[in-house]
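**Q** Quick one: structure below, then a few questions.
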Amino acid sequence: MHQRSLSKLQGVTTQRGALTPWTSQDGASWSSRPRRESGRCRCTPRGAPLWAWLLLGALVVPGAWSYLSEEQEELLVELHNHYRGQVSPSASAMLPLKWDSSLKLLAEGYAAKCIWNHNPELEDTGENLFAGTGPLDLREALEKWFLEHLDYDFQNNSCDEDKMCGHYTQMVWADTHRVGCAFHICNSMEGLDWERVSFLVCNYYPPGNYEDERPYVEGDWCSRCPENLQKCENNLCVADTVEEEVEDEEEGEELVTADPSRQPPESNPPARVDPPVQPATTDSAPSIPTTLFKWFSKDTPATTTTTKVPVAPSATLGKDEEVKESVEEEKEEKEEKVEQEKRKETTASKAAEREMDVTRKIHEDIKVSSAASVLSLSVLFACLIAMLTLRL
């Protein structure tokens with residue numbers, strides 16, 4: 001089974017104008033796409049059920065199953081953060097990674113191209129690549145990236161001779177806090193003489209692997225966390241409250257979705273470099289270009305590993321005043337409601353009294369009218385009797 005992985009975090013020209021090389025390394029992944037054959041009729045054989053051929057076509061269509069489920073996305077974030085909390089020596093301010101849909105879309109678009117090389121259109125985004133012909137195993141893929149720390153010398157900030165460690169350094173770059181990945185099943189891949197290749201792409205923001213910069217600052221775990229990320233969880237700096245975490249997420253989304261092309265250029269941009277190495281000799285796959293470079297915009301993220309996330313302004317006094325005002329407003333509202341209820345009760349009682357008075361008057365009028373009617377009838381009856389007696 002062929003296995004290869006690739007890490008590139010955008011090389012750039014240095015101040016002297018020299019090109020910065022990039023490197024590659026072995027890995028593993030999977031795929032199940034058919035080999036294209038020209039000049040053959042793909043007509044459905046006689047006697048075969050139509051539904052069977054439709055199902056078969058859905059299975060072999062290139063990219064039909066090229067997606068990551070929500071569970072796999074969560075697993076990728078979990079694995080990244082697990083390894084970020086296991087670095088040695090310990091990191092004084094390691095930020096946790098969170099899933100970013102924009103980076104995912106970026107990775108999906110490039111993975112679908114099936115090119116065994118890094119995305120030349122990336123601006124200020126890091127990238128790790130992984131390809132293979134075996135079953136897709138995200139745990140194995142990220143473990144291979146992390147195991148590159150065995151070939152990395154933290155004190156000298158360099159890889160061992162003929163080794164690479166760019167995947168590892170990007171995975172544990174302290175200031176990186178967003179990740180988005182995608183994979184695509186490729187029938188064939190440009191740059192690799194393989195068939196049925198599964199191509200995994202992970203993008204990171206802000207990018208890592210800056211030249212002459214270590215991935216993080218050594219120190220006791222969480223000893224230099226940003227002011228709004230003072231809680232230490234699994235050796236990572238996290239927010240104390242849910243509100244701060246939400247603000248941090250919104251802030252990160254704004255940074256990721258910003259258009260780098262609109263930023264003014266910088267005359268001497270910093271360089272990001274993956275230490276130069278040679279492809280592994282145990283893999284018979286052809287080597288890929290290992291030298292890439294790109295200019296950065298002025299808004300290239302700072303390379304220090306203790307970048308502080310903007311802190312939400314302290315508003316303790318303001319909050320106390322707001323609480324008092326809200327309590328007073330609630331009291332006033334309650335008093336107004338009580339007064340309104342009293343008014344309603346008084347108006348209701350008055351209306352009831354008025355109705356009672358009206359009914360009483362009506363009853364009295366009925367009694368008077370009935371008495372008058374009885375009296376008038378008796379008078380008429382007496383008159384009739386008197387008239388009859390006179391006639392007789």
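Placed from the backbone N, Cα and C atoms, the Cβ positions cover glycine too.
What you see is a predicted model, and the numbers here were worked out from it, not measured in a lab.
Heads up, here are the entries from TrEMBL:
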| type | residues | note |
| --- | --- | --- |
| COMPBIAS | 17-32 | compositional bias 'Polar residues' |
| COMPBIAS | 243-256 | compositional bias 'Acidic residues' |
| COMPBIAS | 262-278 | compositional bias 'Pro residues' |
| COMPBIAS | 279-288 | compositional bias 'Polar residues' |
| COMPBIAS | 303-316 | compositional bias 'Low complexity' |
| COMPBIAS | 334-357 | compositional bias 'Basic and acidic residues' |
| DOMAIN | 70-212 | domain 'SCP' |
| REGION | 17-40 | region 'Disordered' |
| REGION | 243-288 | region 'Disordered' |
| REGION | 303-357 | region 'Disordered' |
| TRANSMEM | 370-390 | transmembrane segment |
**Q** Mean pLDDT for the domain 'SCP' (70-212), rounded to an integer?
**A** 95
**Q** Could you tell me how many residues in the domain 'SCP' (70-212) are helical, how many are strand and how many are coil under DSSP?
**A** 46 helix, 43 strand, 54 coil
